[in-house]
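Enquirer: Below, the features straight out of TrEMBL:
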- 201-235: repeat 'PPR' (REPEAT)
- 236-270: repeat 'PPR' (REPEAT)
- 347-381: repeat 'PPR' (REPEAT)
- 382-416: repeat 'PPR' (REPEAT)
- 452-486: repeat 'PPR' (REPEAT)
- 522-556: repeat 'PPR' (REPEAT)
- 557-591: repeat 'PPR' (REPEAT)
- 592-626: repeat 'PPR' (REPEAT)
- 627-661: repeat 'PPR' (REPEAT)
- 662-692: repeat 'PPR' (REPEAT)
- 696-730: repeat 'PPR' (REPEAT)
- 731-765: repeat 'PPR' (REPEAT)
Amino acid sequence: MGMCLFPIIHSFDLISTCLYKLDYFRGRVLFKESCFCRMYGNASSVLLLDDNVFDSSSDGENNLKNSVSEYNSNGKSNLSDSMSDYYSNGDLSSAKNTVVDRQRLHNLKRRKLFPMVVRVLKTLDWKVARERKFSRAVKKYGLSHSTDAFRITIHVFALAGMNIEVYALLRDIVGYYKKVNYDLFKLFPTFLDSPNDAVRSIVVFDVLIKVFASNSLLENAVDVFARAKEIGLKPSIFSCNFLLKCLAETNREEHLKSLFEELKNFGPVPNVFTYTIMMNFYCTGHYGLEKVHIQAATKILEEMEKIGISPTVVTYGTYIHGLCRVGFIEFALDFIRYLRHRNQPLNSYCYNAVIHGFCKKGEPDEASRVFEEMKGSGVTPDVYSYSILIDGYCEIGNLEKGLCLIEDMESKNLIPSLVSYSSFLKGICKSGLMEMSLDIFHKLGTSGFKYDHHAYNILITGFCVHGDLDSAQKLLEEMISNDLAPNASNFKSLIHGFCKMGFLDKALEFFNIMLEGGILPNIVTCNSIVSGYCNEGRVEEALLLMDEMQDHGVISNMFTYNALINRLCKERKSERAMELISLMLKRKVFPSVVIYSTLMDGFAKQSNTEKALRLYEKMLKVGVTPDMVTCTILINILCNSGKIKEAYNLFKEMIWKGSYPDKISYTSIIAGFCKIGDMKMAWELFNEMQRHHVPSIVTYTCLIDGFCKVNRMDMANTLVEEMRRKKVSPDVVTYNVLIGGYRRLGQVDIANKVFDEMRKEGIFPDDITLRMLGLDSDAVKEGG
């Protein structure tokens, strides 16, 4: 690189042409000898002139031609010798005979940068230019002078077709401007407007587009493209494709579509790579599935066919993956068959998308059929094909099939990857065979496989799920001993495991180790700690952690706030919980139906039904749709307030809207009718409930209590017998209801028999039981 040599030139015609193209001759200079074998060699003396004082008079060309007449027959210049002496001696004494017209000279400090430019002109040696960093040049010589020198160097390399060198220089300059926050738009007139050579200008345009785009300065890159069009130049389709790709990757949809339309309408003409970039944007969904525009992707294919651009296998593969991402797996398979019928290019990447789609749906057998079809069509499955299928079978617990696929790979000299084995290990862990998984894991290590974070995390998570936290901790320690530093995911699994088992202090120990190691936890890990604090009633510490994480850029989400609000409501601090709503809104986290329901339930349990109902109205006002839990809470509130009619209307509205009540909703409305003594309606709802749900002990107890209060002990006893038949065991509350019913009727003997029966069932009486029967707890213990 940088060794683009030319034959020795004794004619000045080629040199003068190049210098005119560079637009550097604007005044009078007298040349007497040629100094090098490069086409740029005789330009060296010109570069000592301040570009700012070059005069752009119309007779510049005549002046140069007059200068050429003094070029001696030996092709040598006295000026070249004098300049060589100047560079070697560091003064102007050896240049005293030089004839140069100019208005002023640079001061010595600022002239020392131009020898580098001269050497580049002479040799095109990249090493010379590379030694000078723009930032250091600016510091030493000033911005204006450094920019001039680098501009000349860039255009020299551009004219020589040395695009990589042009890229490196422009990247250096743009990086400096970006770092010190200079206006990058000021680079345009410096590097783009002054040159007159179209080929060279296009090179600079192309490279500057790439430099801006690769530095995420996409608005600047688009502006360069627009400026090129303004002066009648077309950047190459390659630089435009690079800009398109960067716009797509950063989801700049508006700019992306605008540039694509500009290329189609005014050029440069899009090629297959242009269309493939657009296809990838529409099919990949950079910000989630909602960004997959499969209809737009289909139009891209139709447009390519219309204008005669043949899609590549990459184009087709991208489209097939897009179809599978949005769930059109069967259509994707039909499309593959259509392409195969037309002898279009297909590879394993295309088939893998469909195989993965079926596995994700939980249909590995269907995926296996596609796998066999792929082999039958002459496309050889790769490691990814097998790994996807292994994962699909292991996910549904078919470890035998997963093992068979690994053996099939080995028989075909296709070495399973760690990903293949990781899927198998994950399946073993899900089945609870942790010792086997650990044994296979270590055998893989001795076979030469290098463990990664994901493989370790499968086992750590597996041990945590099955409650073996000691083994999980040992694996984390093993990672460290193997020089594999645990990452955020590894810590997350272990911390979550400790929190789930109630070992918050141990979880905090690893949380602090994580922070001390400079590993920033994600919101899932923080939520585990917050949830652990809340479970232990340490809400203030949870709030403090939430604020600290917010300061470090870990933004609390709905789960964080729900854990805090739920705990505060359990502690009957609903007003304090309500204050968190304001904090959520301030941080752009909008309360969900779960949070509204939790708060409503909290206020209802504190007998503040008015506040609970206002919350419900507010929820509807802001557009949050109530769910089954919300409606059940509201039914309870209305029933407890004696508004059974409104509660029943809400219950029917739930059914009418297609949200069929669950057993909790049924129990709530049944309890409401029992409370007001409407046992006919309660019984009808109970029978209706049994067609869809198995009544719980709470449902039975509500009905038994209702019948006891209306002196229907026969119905109460019938329900008790039904409970036993359906293996729903009565609890102390059920027995208390029966004992209370008999005592109200004055049937004390039967009440005592129910008490004896209760004790035989192994149910110990509570304070209510003892109070009703007038018994002492110590006497009951001695008698029992």
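Just so you know, glycine gets a Cβ as well, placed from its N, Cα and C.
Computed from a predicted structure; not experimentally measured.
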Enquirer: Same chain only, please: residues at least 6 beyond the ends of the repeat 'PPR' (557-591) with a C-beta under 8 Å from a C-beta of the stretch. Say none if there are none.
Expert: 523, 526-527, 530-531, 534-535, 537, 539, 542-543, 546, 550, 598-599, 601-603, 605-606, 608, 611, 622, 624
Enquirer: If we skip the immediate neighbours and take only residues 6+ beyond the ends of the repeat 'PPR' (382-416), which ones have a Cβ under 8 Å from one of its Cβ atoms?
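Expert: Non-local partners: 348, 351-352, 355-356, 358-360, 362, 364, 367-368, 371, 374, 423-424, 426-428, 430-431.
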Enquirer: Let's see if you can do this one: DSSP helix, strand and coil counts over the repeat 'PPR' (592-626), in that order.
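Expert: So the repeat 'PPR' (592-626) is made up of 26 helix, 0 strand, 9 coil.
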Enquirer: Six or more residues out from either end of the repeat 'PPR' (696-730), which same-chain residues have a Cβ under 8 Å from its Cβ atoms?
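Expert: Result: 663, 666-667, 670-671, 673-675, 677, 679, 682-683, 686, 689, 737-738, 740-742, 744-745, 761, 763.
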Enquirer: So what's the average pLDDT for the repeat 'PPR' (662-692)?
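Expert: Result for the repeat 'PPR' (662-692): average pLDDT 91.
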Enquirer: What residues elsewhere in the chain lie close to the repeat 'PPR' (627-661), defined as a C-beta under 8 angstroms and at least 6 residues from its ends?
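Expert: Distant contacts of the repeat 'PPR' (627-661): 593-594, 596-597, 600-601, 604, 609, 612-613, 616, 619, 668-669, 671-673, 675-676, 678, 692.
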Enquirer: Below 8 angstroms Cβ to Cβ, which residues of this chain, lying six or more residues outside the repeat 'PPR' (201-235), approach it?
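Expert: Distant Cβ neighbours of the repeat 'PPR' (201-235) are 154-155, 158, 161, 163, 166-167, 170-171, 174-175, 178, 184-185, 187-188, 191-193, 195, 242-243, 246-247, 250, 252, 255, 259, 262, 266-268.
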Enquirer: Within the repeat 'PPR' (382-416), count helix residues (DSSP H, G, I), strand residues (E, B) and coil residues, in that order.
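Expert: With helix first, then strand, then coil, the repeat 'PPR' (382-416) has 26 helix, 0 strand, 9 coil.
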